[in-house]
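Student: First the structure, then my questions, so here it is.
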Amino acid sequence: MLPLIEFRVLDKNSVHFGVDMKTLMNNAGIALSDFILDKWPDSKKILFLCGSGNNGGDGYVAAHMLQSRGVGCTVIPVSSPKTELCVSNSKLWKGHVSHLDNLEFEMNSSDVVVDAMLGSGITGTPREPYLSTIISLNNHKDILSVDIPSGFCTDVAVLPSHTLTFHDMKIGMTETNCGHISIKNIGFPDEASKFTGPGEIELWSEMPLGSHKGQGGTVLIVGGGPYYGAPSMAGMGAYRMGADLVLIAAPSSVADVIAEQAPEFVVKKLPGETLSLEHLDSILRFGEKADSLLVGPGLGKDPEVQKTVKELLRKWKKPKVIDADALSELSSDLTNNSLLTPHAAELKRIGGDIDNLQLLSIKLDCAILAKGKEDIISDREHIKINRTGHSRMRVGGTGDVLAGAASACLARGLSPYQAGRLSAYIVGRAGELASKELGNGYLATELALKIPAAISEARLS
């Protein structure tokens, strides 16, 4: 069972891995027509209510298939086709087309009404003409919804007797809101579920033109001490991924140097040369309005530092990325809003390896992004592999950029598992783009600069 957003990811990744949307829609239409013939073999007339998007396209394909097999079908376009595939398939329909003004008559004279109006890409309460159509439709006895009922999980939704859904159940589906649920495989490639792809960008909503400061998320980074480059590069990763504000709490011995790396950093000086327990209250006040925490880059392994990290993780209740030196101090206080980002040696140190990664996620109740030639991203229930990247990404600072990017994803509201998948794909792709433009000697700072280009590429693919 998956959230609706994951099916938008799946659609886009399927195209990336070689199965186009036209094929998937054709397969969905065939599955839908077969299901209708099996469930209602004696039907004389099927009414299709088709929306303007790809859910409507599925309906047009199924109506065409049924008509060719001798079943009488009528289509009511609830709104004019808009998506490319819906438009092309509506043109293939040569049968009877009716109008919404005739809805009551058409429903009363039909054996089955097919709800192909609104799919998983639509959120919020349906608007007209869908709203009144849904209310009228719910008076009919036999309703078949395509993939999900129109208006699914809103106050005004179709209440079908049957739902034919594709690939997997969607979170929220029950017999109460979907009727009898059947699942059909329509040919999504296995790679689309197994590997990350440009579809992961669907997890990351674009900011509207009227958005205001802070909506892109605020990240708090706690790092620095023996090393100052790590928190700086993490901050660059967070900003380039799209965070609106990056706060960095660092020992005063390195705070000024960190601040000099980018005027956009808001840096809090912590007295002394390393992190200590006396800094804790100050850090929590400084990060009070932050949406996510990244702890670890450049901290070092001093015992006092590790005690402070442990206490910070205990008191911080918002989403967090735990990276680098902070991985040494994991405890039962870890919560399921955490993402760990270990490389192979760090993974071994915390008691895991690639083969038992999901078991470790279950044990620690967190998501894990295990970095390597192929990144493995896991949580309690899911696992995905990321294959983007370049051999130059072994250069120092790459992991810090990735951790910063992941913390920006958390700040925008993604789950730790989603943040791990998206940041791994985008930063890996940024590495490929950097190599193409700069050759094999690029630096981690140059890697960060390519993150926006990788995001734009994924959106346009």
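Cβ atoms here come from the backbone N, Cα and C positions, even for glycine.
Okay, these came from TrEMBL:
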type	residues	note
BINDING	54-58, 119-125, TYR130, ASP147, ALA230, GLY298, HIS343, ASP400	(6S)-NADPHX binding site
BINDING	ASN55, ASP115, SER150	K(+) binding site
BINDING	GLY399	AMP binding site
DOMAIN	7-194	domain 'YjeF N-terminal'
DOMAIN	196-458	domain 'YjeF C-terminal'
Student: Please report the three-state DSSP label of SER150 (K(+) binding site).
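Tutor: SER150 (K(+) binding site) sits in coil per DSSP, no helix or strand.
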Student: On a simple 10 Å Cβ count over all chains shown, which one of the binding-site residues GLY57, GLY298, GLY399 is most densely packed?
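Tutor: In terms of Cβ crowding, the pick is GLY57.
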Student: Check the Cα-Cα distances from THR123 ((6S)-NADPHX binding site) to the binding-site residues ASN55, ASP115, SER150, GLY399 and tell me which is shortest.
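Tutor: Nearest candidate: SER150.
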Student: Cα-Cα, whole number of Å: ASP115 (K(+) binding site) versus TYR130 ((6S)-NADPHX binding site)?
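Tutor: That comes out at 11 Å between the alpha carbons.
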Student: May I ask you to report the DSSP-based helix, strand or coil state of ASP115 (K(+) binding site)?
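Tutor: It is in a strand.
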Student: Return the residues near SER150 (K(+) binding site) by Cβ distance under 8 Å, restricted to its own chain and a separation of at least 6 in sequence.
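Tutor: When sequence neighbours closer than 6 are ignored, SER150 (K(+) binding site) has GLY51, ASN55, ASP115, MET117, LEU118, PRO126, TYR130, ILE134, ALA157, VAL158 within Cβ distance under 8 Å.
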Student: Can you grab the distance from ASN54 ((6S)-NADPHX binding site) over to GLY399 (AMP binding site)? Cα atoms, rounded to a whole Å.
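Tutor: Roughly 39 Å, rounded to the nearest whole number.
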Student: Please give me the CB contact count at 10 A for THR123 ((6S)-NADPHX binding site), counting all chains in the structure.
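Tutor: Other Cβ atoms found within 10 Å: 11.
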Student: Taking the Cβ of SER120 ((6S)-NADPHX binding site) as reference, which residues of that chain separated by at least 6 in sequence fall under 8 Å from it?
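Tutor: Within the chain, SER120 ((6S)-NADPHX binding site) has Cβ neighbours under 8 Å at LEU4, PHE7, ARG8, ASP147, ILE148, PHE152, LYS170.
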